[in-house]
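Here the structure is laid out as structure tokens; the discussion comes afterwards.
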Amino acid sequence: MKDLLVFAPEVANALATGAPVVALESTIITHGMPYPQNLEVARKVETTVREAGAVPATIAIIAGKIHIGLDDETLESLAATPGSEVMKLSRADLAACLALGRTGATTVAATMICAELAGIHVFATGGIGGVHRGAELSFDVSADLHELARTPVTVVAAGAKAILDLPKTLEVLETLGVPVIAVGQDQLPAFWSRESGLAAPLRMDDPAQIAASARMRAALGLDGGQLVVNPIPETDEIPRSVMIPVVEQALAEAAEQGIAAKSVTPFLLQRIFELTDGRSLDANIALVLNNARLAARIATAMA
Ligand code: PSU
């Protein structure tokens, strides 16, 4: 295991001294945003975590090793590589990527697994995967939900992406025993929009409460993590009424073109970017930075 994990010196030092660390994923870089904005955002998220008093650890698989914290050269080369040439890794293919010595980006599920191996308890992303619309026929349910049920990492997201079936996503999370904790409001946020029309199961406005709740789960011997849903700042949101028709159109096009499995989310994000003249990307960037700030405060409360 020691040979498999490659720690950036800053991260190794923070973990050794018990300083707060925030894990960051890499699929958002390779499959979630276009180049070069993806690189800019990846750097900005790291800076935001640092400014909020924690150490960032961007996680990716590089030539068969789990990198916990990337140097700038590696980050740049990953961001510049077309998504089609980088594996999008989840629980099912993480080991295969490592065994074959390949390079891959970690989704929420795979980042949680790697963070846990590294001893990192908090992770910031944009939006988690969830239950896709039409899942009653396609069975397309993101492995992120099952990972939240089994791996003890607190994940900070801006809700599940509004391209998903949000009521079904909440149902599955409840069935799996995953606490869904809204911050600052009673509603589940819907990624680009603050409102989803759905009540969040739990609300905690103080990072110390979120940290205490994670400790209590561990004390009870409960498996799994927590999902913290942090609404996008008001000034950056795209209202729900604007997003609904855009999402509908992107979904209809995906269905027409037979887009399936791992390609669905990247296809939809790209089409929504085009249909909103880039506004969805600005919102995505703002919500990721906002999540990074909150994750740093939670990590500090846990440290
Ligand atoms: N957050 C973003 N953009 C993204 C993702 C998260 O702002 O692209 C990625 C995460 O890596 C998440 C994945 O795990 O989307 C979900 O993909 P799928 O629906 O195929 O499980």
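Every residue, even glycine, has its Cβ placed from backbone N, Cα and C.
Among the features that TrEMBL reports, active site, proton donor is placed at E25. Residues annotated as active site, nucleophile in TrEMBL: K161. Annotated substrate binding site per TrEMBL: K88, V108, S142, A143, D144, in sequence order. Residues or ranges marked as Mn(2+) binding site by TrEMBL: D140.
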Among K88, V108, S142, A143, D144, which the record lists as binding substrate, how far apart in Å are the two most distant Cα atoms?
13
Which one, from the recorded positions E25, D140, D144, has the smallest tally of other C-beta atoms lying within 10 Å of its C-beta?
D140
Sort the recorded positions E25, D140, K161 by C-alpha distance from V108 (substrate binding site) and give me just the closest.
E25
How many whole Å apart are the CA atoms of A143 (substrate binding site) and K161 (active site, nucleophile)?
15
Taking a cut-off of under 6 Å between Cβ and any atom of ligand 1, tell me which of the recorded positions E25, K88, V108, S142, D144, K161 pass.
E25, V108, S142, D144
Go through K88, K161, our recorded positions, and report the one whose Cβ sees the most other Cβ atoms within 10 Å.
K161
Please report the Cα separation of the residue listed as 'Mn(2+) binding site' and K88 (substrate binding site) in Å, rounded to an integer.
16
Measure from the Cβ of A143 (substrate binding site) and count the other Cβ atoms within 10 Å, all protein chains considered.
16
Inter-residue Cα distance where the pair is the residue listed as 'active site, proton donor' and D144 (substrate binding site), in Å:
12
Within 8 Å of the Cβ centre of K88, V108, S142, A143, D144, which other residues of the chain have their Cβ, at the recorded substrate site?
S90, T107, A109, A110, I128, G129, E147
Sequence-distant neighbours of S142 (substrate binding site) in its chain (C-beta under 8 A, six or more apart):
V108, A109, I128, G129, G130, V131, H132
Neighbouring C-beta atoms (10 Å sphere around the C-beta of V108 (substrate binding site)):
26
The residue listed as 'active site, nucleophile' to E25 (active site, proton donor) - Cα separation in whole Å:
16
